[in-house]
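Among the features that TrEMBL reports, domain 'Glutamyl/glutaminyl-tRNA synthetase class Ib catalytic' is placed at 6-237. According to TrEMBL, the feature L-glutamate binding site maps to Arg6, Phe7, Ala8, Pro9, Ser10, Glu42, Tyr170, Arg188. Annotated motif ''HIGH' region' per TrEMBL: 9-19, in sequence order. Taken from TrEMBL, the feature Zn(2+) binding site covers Cys98, Cys100, Tyr112, Cys116.
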Amino acid sequence: MSYIGRFAPSPSGPLHFGSLIAALGSYFQAKSQRGQWLVRIEDLDPPREMPGASKLILETLEAYQLHWDGEVVYQSERHDLYQDQINTWLQSGQAYYCQCTRKQIKAAGGFYMATCRDLALTNHDQCSIRLRMNHPIYQFEDKRHHVLTIPTQLADEDFIIKRRDGLFAYNLAVVLDDIDQGITEVVRGADLIEPTGRQISLYKMLNQSPVSYLHLPLALDKNGQKLSKQNHAKAIDNRNPKPALLDAMSFLGFDINEEIRAAAIGEIIQWGVEKWHLSQLPESTEITPMFSNRSV
Ligand code: GLU
């Protein structure tokens, strides 16, 4: 089977150092196997979007010479795919409406105890939609980190597939899209280790063979926080990509010599594709990088 990987940014802001790690890691892993590398814009949550971010993200990928295969896919154009699957599950009784608020669940201990599972609620506009969990996943195999464990209560939960505000849930959209796009391996940041359990459960419930997973170490800021748009992580530079590119590649375990430092962006990327191997990746899932040229 030929390799198909992807990079799936959410357009809540421009790419930062953490998202560059995910872009590069997924690109090197795909291209080192002569695979395809697809780009999917995960614009599922309009209130959290930054106007213009999708365009900016694609321009950044171009500036770093990360050329994607095929057309860019936008989740905002795929609501029918998600809704059709939800309808199928509602009809079969696999999915159900739930009126519990986040506050109520938190007050009851933090995990959803299937309170509405058998209530057959009809006040649909005030409800989220949940999926009966009949394939909980407690652990999975990661290409770098070997067996990763999911907390039991989290794995057992009937999780949300459509939110009370009408937005589709991330886990559902990601899995339906990955299946539809023929993705064979998911490479992304270690912040997404926990949802992986639910995503594998979805593959099982959809009778699809699961993909393989590789979680890349997460870059933390100097306060030990994940770099994110919410934490105001600095946007990476489009006009002068080299410093952030070299920092991100060192972070991913490349041993960069003076000759590579002096090379053009396209040559550096090509060198990365040729040299990439999984054992170069740090073993830790979280790292605070220290770089002189301050891409972070
Ligand atoms: N859209 C998600 C994010 O930007 C990534 C989804 C994924 O790679 O599965 O965090």
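These residue numbers are counts, starting from 1, taken along the chain as shown.
Backbone N, Cα and C define each Cβ position, glycine as well.
Heads up, TrEMBL stuff is auto-annotated, nobody curated it.
Same-chain neighbours of the L-glutamate site beyond Arg6, Phe7, Ala8, Pro9, Ser10, Glu42, Tyr170, Arg188, judged by a C-beta within 8 angstroms of the site's C-beta center, are, in sequence order, Ala22, Arg40, Ile41, Val174.
Counting other C-beta atoms within 10 Å of each candidate's C-beta, the binding-site residues Cys98, Cys100, Cys116 are led by Cys98. Sequence-distant contacts of the motif ''HIGH' region' (9-19) (same chain, six or more residues past either end, CB-CB distance under 8 Å): 39, 41-45, 48-50, 53-54, 56-57, 60-61, 189, 218-219, 226-229, 233-236, 244, 247-248, 289, 295-296. The binding residues for L-glutamate are recorded as Arg6, Phe7, Ala8, Pro9, Ser10, Glu42, Tyr170, Arg188; their greatest pairwise CA distance is 16 Å. Recorded residues Phe7 (L-glutamate binding site) and Tyr112 (Zn(2+) binding site) have their alpha carbons 31 Å apart, per Cα-Cα distance. Distance noted between the C-alpha atoms of Glu42 (L-glutamate binding site) and Cys116 (Zn(2+) binding site) is 29 Å. Within the same chain, the residues at least 6 positions away from Pro9 (L-glutamate binding site) whose Cβ sits under 8 Å from its Cβ are Leu15, Ser19, Ala22, Ala23, Val39, Ile41, Glu42, Ile57, listed in sequence order. Less than 8 angstroms from the CB of Tyr112 (Zn(2+) binding site) sit Cys98, Cys100, Ile105, Arg130, Glu157, Asp158, Phe159, each of them six or more residues away in the same chain.
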